[in-house]
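Asks: Handing you a structure now.
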Amino acid sequence: MDNLNFILPEIFISLSIMFLLLLGVYKKNSSNIVHNLAVGSLLITGILIFNNPLDQNISLFNDGYVVDNLSSFMKILTILGGAFVLSISTRYLKIFKIFLIEYPVLILSSILGMMVMISSNDLMVFYIGLELQSLALYVLASFNRDQLKSSESGLKYFVLSALSSGLLLYGCSLVYGFSGSTNFNVIGDLMNSSHYGLTFGIVFILVGLAFKISAVPFHMWAPDVYEGSPTAVTLFFAIVPKVAALTVFIRFLYIPFVNMIDQWQPILIFLSIASMIFGAIAAIGQNNLKRLIAYSSIGHMGYALAGLSTGSNEGIQSSIVYMSIYLVMNLAFFSCLLMLKRNDAYYETIDDLSGLSKNHPILSLSLLAILFSLAGIPPLAGFFAKFYIFKAVIEQSMYFLAIVGLLSTVIAAFYYLKIIKVIYFDKEKESYDTDHNIWLKGSLTFSTLLILLYFIFPSKLLEIVSRINII
């Protein structure tokens, strides 16, 4: 029974999913209730995670499931991201007539899958979590089934994700075949010498994981899926699954295969460099803001992978800090995007921001701070996120990676500054509606303040993350 206390968050969210589904089926017009209860369920799940003792490494189910500082922190990030997504998307879903009970249930299901992934210490447990997350995301991508683009994006994501899952499963089978176990700790104890079969297994698993975070060259799904999916779903895609996938990267590489760093480090460096360069260059020609943020997120994942490729605790911690700040920046950006509404129609191109500062000065100021932060301009939070990554990379004498990262940051700054130029210097268009959901306004205010004021108290986040020691 003591063990069950450590998985109470997962048990509670599982029961919540079943209860909300039954409530939605048996009670007519219950979308509002189910939606609000889903947000409440996530907040209670977060409280249950906080109740778990800190600085303890608890292993459950024959070491297949772990509860430690890394899992607790990343689960909190995932749950906060999910709660904000549900809170700010209600008006959008109602306008498109997709305010259904299935939406919060699918969000909760994918978050449950992510929580299992984050705590997994076994290839089988990890794969079960991954598939639970993916099955919910396939449906979410095509949730607005009356729109051709949404159905198309769901189908594209399903086909390509199924391919990546197949490669990942093949990699798992190779690792199991050559090590004789699926448990990360057992595999780590056996890994005194490298074997070509194991190296191939690692490569296949890394390919599958790279697809999940849309790292180059496995990014091809991201722009189309981001653009075609409903904006509320795109927001979820952009932030939450990547937190879980990055945690799996950390566990998979630094627990069973830390002794094989010579084999996987070059792969991670390649993924990082390719993602940073491609993400910076490909976004330049984009006019649709959702496609632009897709390419931007590819670049951001490159920076996160740069931290992981260092092979040091500092590198891992810098990547975790980067993902935390990335989540806040994207939440703020999409909050602004959901405010671009006029007569029940949403606008999502750069041209639609033309002269926004004349009619909506406060919204424009928020966008200014968010875009400067995404570009990595001091003293905003995005600058510190990149600073920690570059510091960790340079400490390991990986100068080429740091130079590529800096050059990519300069190139990426161009398209962020181009949007600011459109907002402040182009001719204004008809003003947008101002009667927004209080949660949407609160989300934008909260996330923008975090971006602006992070430099005053950066030590708090660093102090929490410094407790996460993997190596």
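Every residue, even glycine, has its Cβ placed from backbone N, Cα and C.
Annotated transmembrane segment per Swiss-Prot: 6-26, 70-90, 98-118, 123-143, 158-178, 198-218, 230-250, 264-284, 320-340, 365-385, 400-420, 438-458 (among others), in sequence order.
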Asks: Taking contact to mean three or more C-beta pairs under 8 angstroms, with sequence separation of 6 or more, is the transmembrane segment (230-250) in contact with the transmembrane segment (98-118)?
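Replies: They are in contact.
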Asks: Counting only CB pairs under 8 A, let me know which of 70-90, 198-218, 320-340, 365-385 has the most with the transmembrane segment (264-284).
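Replies: Comparing 70-90, 198-218, 320-340, 365-385 against the transmembrane segment (264-284), the winner is 198-218.
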Asks: Do the transmembrane segment (320-340) and the transmembrane segment (70-90) share at least 3 Cβ pairs closer than 8 Å, excluding pairs fewer than 6 residues apart in sequence?
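Replies: These two segments touch.
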Asks: With Cβ-Cβ distances below 8 Å as the criterion, list the same-chain residues six or more beyond the ends of the transmembrane segment (438-458) that contact it, or say none.
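Replies: Sequence-distant neighbours of the transmembrane segment (438-458): 84, 87-88, 90-91, 325, 328-329, 331-332, 335-336, 338-339, 363, 366, 369-370, 373, 378-382, 384.
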Asks: Quickly jot the same-chain residues contacting the transmembrane segment (98-118) by Cβ under 8 Å, restricted to those at least six beyond its ends, or write none.
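Replies: Tertiary neighbours of the transmembrane segment (98-118) are 9-10, 13-14, 16-17, 20-21, 23-25, 30-31, 34-35, 37-39, 41-42, 65, 70-71, 74-75, 78-79, 82, 85-86, 90, 125-126, 128-137, 139-140, 143-144, 230, 232, 236, 240-241, 243-245, 247-248.
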Asks: Could you pull out which residues elsewhere in the chain have a CB under 8 Å from any CB of the transmembrane segment (70-90), counting only those six or more residues past its ends?
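Replies: The answer is 9, 35, 38-39, 42-43, 45-46, 49-50, 52, 54, 99, 104, 107-108, 111, 114-115, 118-119, 231-232, 235-236, 239-240, 243-244, 246-247, 250-251, 320, 323-324, 327, 331, 334-335, 338, 437, 439-440, 443, 464-465, 468, 470.
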